[in-house]
């Protein structure tokens, strides 16, 4: 077992001191809301940026305390809602344009990618094929994912920039989502965007849009599955619903801002800074472990 708790001990002391100094709301201390606020903030920032929300939440939970499965479902749902709102017009056009062969073809490819992920992801879950969300595997996934991103950017820059989503791209994106689910720290957005770029969709905006649109049903399905398991086990009985609501709202608002910023950023910039950041974070975690 790899532990990073000793490294963050000074920061925990500061955090506890700050929480103790916070005022008290009627019926409960304001410090009760610090942890859900920060975790919702981290989830919203990192869920759709190609830097791995799992890796950041793993570190944050050592500092702020581990949360329940239902809490994790709720903050992820907030991030998904943000993407739905951002792409609401695009989703509406796709729904209305099924009579158009081009639009229908795009929807079918989205569906194929999702079904591949759903089928293989369910099989992997039933077989228990998933690495633990502990520091070492996540750190290595961050490093290797960063190297993968640098290689993908280098190769994509030497190919014609295409916006077309082929069936090959759709199938590989579906497979990439499974890989991201099995190897925590990979980042679903990083895996899907860069598979699409390497498979022929060299245009960053087109690759990112397809990756995010596929992520909507995928993440809703995964969250729904986890929610049903939690409710079946009675896990909601002891939840702090006020903290859940706060974390959901913070995650949704933060993800909305982060994704809108990312979509504008990639129109004129490469993903290279994200790759470098991943490698630095992964190496730092390995060093501290």
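Using N, Cα and C of the backbone, Cβ positions are placed for all residues, glycine too.
Note: TrEMBL annotation is automatic and uncurated.
Of all ranges given (40-59, 240-259), TrEMBL attaches the label transmembrane segment to 240-259. By the Cβ criterion (under 8 Å, sequence separation of 6 or more), the transmembrane segment (240-259) is not in contact with the transmembrane segment (135-157), since fewer than 3 such pairs are found. Fewer than three CB pairs closer than 8 A are found between the transmembrane segment (164-185) and the transmembrane segment (70-87), and contact between the two stretches is not assigned (pairs 6 or more residues apart).
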